[in-house]
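Undergrad: Mind looking over this structure? Questions follow.
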Amino acid sequence: MVLINNAVCAYIHFFCFFVHTERASLPRNMIENSMFEEEPDVVDLAKDSTAFPGFPALDPDEVVYEPRSSRLLVRGLGENDLDDEEEDYESSARLLGMSFMNRSSARSPSSSPYTRQAPPRSCSCPSTRKLVVGVFILVLVSSMAMALYFLPGCTFTKAGCHKDNSSTPIEPVYPNSTTGEPFPWNEPRLPASVRPVNYNLSLTPNLTSKTFTGRTVINMMIQHDTKRVVLHSSDLNITKATFQVGKDKSVEVKVLEYKPWQLIAVSFPEDLKAGQVCVLTLEYKANLSNTYDGFYNSSYNDVTGAKRVLAATQFEPQAARKAFPCFDEPAFKATFLVRITREPEYITLSNMPKAKTTTLPSGLLEDEFEQTSVNMSTYLVAFIVANFTSVSRNVSNTLVSVYSVAEKKEHTHYALDAASKLLQFYNTIFDVDYPLRKLDLVAIPDFLAGAMENWGLITFRETTLLVGNQSSPLDKQLVANVVAHELAHQWFGNLVTMRWWNDLWLSEGFATYWQYTSLTTVFPQLYPGDEFLEVRFKAMAKDSLNSTHSVSVSSQMTSPEDVLEMFDSVTYEKGASLLLMLNSTLPDGQFRKGLIEYLNKYRGSNSVTDDLWNSLTQVCQESVSDMMRTWTLQKGFPLVTVSCKDGQVNLTQEPFLLSRENTTHTSSCLLVSCSAGSSALYFVSLLATLKVSDSVKWLKLNYMNTGFYIVHYGVEGWAALINTLKTDISSFTAHDRASLIHNMFALSRLGRVSFPQVLSLLGYLTKETETAPLKEALSQLSSVYRLLDKRPDPYLVSRMKGYILNLFGPLINSLDWGEEQSVSRQELRSALFEMACGLGQENCTDQAKVLYDQRTNSTQPKIIPGDLERVVFSVAAQSDSGWLSLLEAYGHTTYDSEKRKILQALASTQDTRRIVWILNAGLQGSIIQTQELPLLIGTVSDGFAGHLFVWNFVKENWDSIIEKFPLGSYPIQSIIKSTTSQFSTQMHLEEVQGFFSGLKERGHPMRSVQEALETIRLNQDWMDRNLPALRQSL
């Protein structure tokens, strides 16, 4: 959207398009041009034999996954992943070249372009003998070539060419199972020949020995004739297996296992026929997991100090196989009936309401839950054995309950209220009621993820679900955000599930979008719009790197590490940003109608991204796929450049990439929707010239930053905007002002503007009072300061510190330290005071010390406002007495949000002895839970004393860290980023590169490592470009 002064506005949105061989007619007011070539469609011959009528249909059981390096397919540049594509080109060229050589080498025995030519000044004729011999050889070679050419195709073996290729397919190579026998499947993805219909699960956990036994009965349907049943199992000791076909007698069968792919299989001498119903029964035993996935054991201390134990599950993305043998892929949906045996002092929970409880002869109790009324993917199954208590409320025919440990029951009421209101909102907005009779929200004391959307049994960290009466609105904002996100998943992710993890954004992008959209309606006092803007900026920071990925990636992604790395800000926040951009572009109400169509069409099943676009297209009567496909299939986002001369405005676009190694881009066309004053919306081509009147002094694109792109206005354009900010700040909304600050810093990192230009823009901040632009400026300047602080230039660091304090000083001095009700003002006050105290401003640190003393040493302890707790605790932690008193308070406080703030304060110390202690405590997990280790590492990394030490700690303890957190998981991504993102020297670049390249099997070639290396190089480049200007400007 273009904002023009004198009441002239233009709304601009940009869409990139693929070029198709046959272009569909464009909808009205849309103009399309090529930016990237679309990857050719890969046809599944097993499903669509009509695509190639000359070929017989293939049995899907024989359709195998083909690695990129072996595909005879030259892919388009849509993904911009040239490292992989170069491999494709090279392998394709070799295969094609070999084919041509075999068929034409006899005709062209010498085809080298480097044949030496005779000098032009001399000429000779061959003798008669040479001529005859030459003709004879030529005839002989030509005859042999023709004979070979017209021979029928054959397979050459030791026995010679004895059979036609068409009757002798190449035998596939199968890996060996754990017994040494061939495993009957040779792909990491499951075959499509068998579909589970129902699981009957019986589990008996022993919380004392930390073991469990299980019995899984899987009713399945044979889809295609096959001699094997292949499914997943990991770390399960299968003791007995039986198989039944139809009503035949059940027979014992042998189970083969291939551990590298976590697969098991049963083979049969005769084909299982399509349409047959079979039953596989597996009995097994295993240890409860000591990590945070699968069926894992945990413990906590109750209010008396006694140790309590529990068992809980975390199956997303691929850990259900650690609790029971299953078809552990999202597309293999089924119903589930769960039974859990427990001791009388515990309760059990699962996805469905409890049906009955039976007392066993051993004195144990067996809880049986109702069979799921919906088909579910395995990663959404959940069960818990624990000592929990609950509060409940009936909402729209659903019993909503919040569970916690007994002593924290009083902290559950806010979450119950939030969940009740949000459930009603989603039932209405989606026009599809929540399908289960109960919805449990459970706070688990030891839980790695923020939360998990298990259908009917959502699990949370205590800090993301529990808040007390004294908790600040900011703490409640966190709980409301997470609850809103997980409830949105009950529709997007659970009711309609992505077919494979490459389309994870259909779950997480939607949940993130609705998280902020729902809170805007249900809890507007929490100011969710400011936070949504902030996370969009963070997503752009990641997506501007060459090491990023597209929102929807290749379905050939199969390794567990690759799947885990999809859980990042591109999938979540960029996915949500694209939905925001689409909704702001479509006519009012069309986006919601399209989503309702999508939910109703695919409820209970699986979808891919194109299914979403098709549903929206059906409602909107315009090709949404044409608008959106490139946004999801290619990485990065556009940089739009504005130029204006003599009333004519030209807009051009290019990819915004901070690193341009091995990247190729073609031109693109942008769709622009514009508005002038109060006139109606109309569409123009971005390639056309936009005419404005002479009275227009400035242009502002991307109104409210609803589009996912950066805008560069050129020297004159920026000067006009800066002048307007200084003279009439109200000309722009707060989000537009934050957008200008963000864009200017991004262009500085790209090298398009100088840092003095950035400082010129920031000069207007002395008049700024709104949270969004001030927090964005604080965030950007803090990043620059931390980079400078880690380099040996104390003079420049001191000058930068002085600049920041002078810029924000008047505003800081105008704020008080008392209670503040506005969430927005709390966010701003907290950010400003943390910055000021962190930079050592005496007024700030003195006031923080006073508040801490009033809390701990006064006869009548004074409560610290919740939004100021972290800054007050951090100041206190810099002294010996304060650090020790905080450590003691950490062990006694029952408020989880307060506990986490104390932990961050303890990690902010600059005392290296205490840094050593707290990092080791987080790794060991006895005093500080290991789930908090990434938080500790990130906090220590920000400090001057700890940033090098924590990097050495990670290197020395890498093996222990990856035992607790899987490679590729979000905690590993966080640890790598926080410990390396502030390096800016060649020495550190080589050190980081050397460490990760030497890990071999202990370190998957993770995208987060490539991101870390790229970030260090970019930091180097930024320092080289801007240090001289900084020294001069500051």
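Cβ coordinates are placed from backbone N, Cα and C, and glycine is handled just like the others.
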Undergrad: From the ranges 103-122, 163-182, pick the one that TrEMBL records as region 'Disordered'.
TA: 103-122
Undergrad: Roughly how many Å separate the Cα of E486 (active site, proton acceptor) from that of E508 (Zn(2+) binding site), to the nearest whole number?
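TA: Checking the Cα atoms of E486 (active site, proton acceptor) and E508 (Zn(2+) binding site) gives a distance of 9 Å.
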Undergrad: Express the predicted model's confidence over the domain 'ERAP1-like C-terminal' (698-1017) as a mean pLDDT, rounded to an integer.
TA: 94
Undergrad: Restricting to the binding-site residues H485, H489, E508, which ones have a CA within 10 Å of the CA of Y572 (site 'Transition state stabilizer')?
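TA: Candidates kept after distance check: E508.
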Undergrad: Tell me the Cβ contacts of H485 (Zn(2+) binding site) under 8 Å, same chain only and six or more apart in sequence, or just say none.
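TA: Result: A451, A511, T512, W514, Q515.
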Undergrad: Please list, in sequence order, the residues in the chain of E508 (Zn(2+) binding site) that are at least six apart in sequence and whose C-beta is under 8 Å away from its C-beta.
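TA: Result: G493, F567, T571, Y572, G575.
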Undergrad: Under 8 Å Cβ-Cβ from H489 (Zn(2+) binding site), six or more apart in the same chain: what's there?
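TA: Expected: E453, S507, A511.
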